[in-house]
Amino acid sequence: MNKQQLKAYFMLMRLHRPIPILLILWPTLTALVLASHGLPDISYLVIFTIGVVVMRTVGCIINDIADVDFDKHVARTNTRPLTSGQLSIKNAIWLCISLTLVAFICVLFLNLYTILLSFVALFLAILYPFCKRFFAIPQLILGLAFNFGIFMAFSAIQNQIPVEAWIFYIATICWTIAYDTIYALADREFDLEIGIKSSAVLFGNKVFRYILLFNFLSLLLLIILGIYCDFNSFFYLGVVICSLFFVRNYFLYKKLGITNCINAFSANHWIGLIIFIIAVIQYI
């Protein structure tokens, strides 16, 4: 394997773009903190961090395999390894299988409940790329998939999925729909041309209102989570800071343009970090 092929595999796994990994990792780590009522055991941190990174790469590979014919028509994606012919579909499938096995080995160190949930997580990861063909809001499926680690974190530590896990899960789904709609704005013109479905296409001229609506719902659910868990004022201060980030992002993505939309999308990882920090503060 030469240097060019290694670079192609690196690009296929999107390791040069860590922001989506962080968007998955922060809610998962936050769930570990909530489930542990404090800092979790280091073994959980290692297992779930590896799991997030590996499954994110698996999702990217599945997405590129599913979209290889569509990506040829989109300026932002027509240089991807599969689309440009740097790697074959067979190469991608073998890499995907290998990484999935790595993730499964990690989950074997957890309890049976979590092992069973891992199959649901894999199903969602496979389902999402194909939803763009028939489901009007594939961002909803992405939200289910990206944040499923929340359920797995609670099941691993508590062997159950309590009410607070559901509240937090739904909050992060709303958040994901909002930030991935921003991301989809960058490709909306191409999606309309080739018939790909997305929330950015569905919401049309009201897309900015819907993004703000889902941001608001995520904040509201975080407040409900804080009340349910009897969190202190630092938690609500963090929610206020998150709302300011949402407002800042609004003025960025409202300008449209690929760069503005991608930058607004990327900034959301700071919101995930803030929520993680204020969760940790609750148990110090």
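Even glycines carry a Cβ here, placed using N, Cα and C.
As written in Swiss-Prot, here are the features:
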TRANSMEM  19-39  transmembrane segment
TRANSMEM  42-62  transmembrane segment
TRANSMEM  85-105  transmembrane segment
TRANSMEM  107-127  transmembrane segment
TRANSMEM  134-154  transmembrane segment
TRANSMEM  165-185  transmembrane segment
TRANSMEM  211-231  transmembrane segment
TRANSMEM  233-253  transmembrane segment
TRANSMEM  261-281  transmembrane segment
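Beyond the transmembrane segment (134-154), the same-chain residues lying 6 or more positions past its ends with a Cβ under 8 Å from any Cβ of the stretch are 23-24, 27-28, 30-32, 34-35, 44, 48, 51-52, 59, 107, 110, 114, 117-118, 120-121, 124-125, 127-128, 160-162, 165, 168-169, 172-177, 180-181, 184, 197-199, 202. Below 8 angstroms of C-beta separation, residues 45, 48-49, 52-53, 55-56, 146-147, 149-154, 156-158, 164-165, 168, 172, 176, 179, 229, 265-266, 268-269, 272-273, 275-276, 279-280, 283 of the same chain, each at least six residues beyond the ends of the transmembrane segment (19-39), sit close to that stretch. Within the chain, the transmembrane segment (211-231) has long-range Cβ neighbours (under 8 A, six or more residues past its boundaries) at 34, 163-164, 167-168, 170-172, 174-175, 177-178, 181-182, 239, 242-243, 246, 250, 253, 275, 278, 282.
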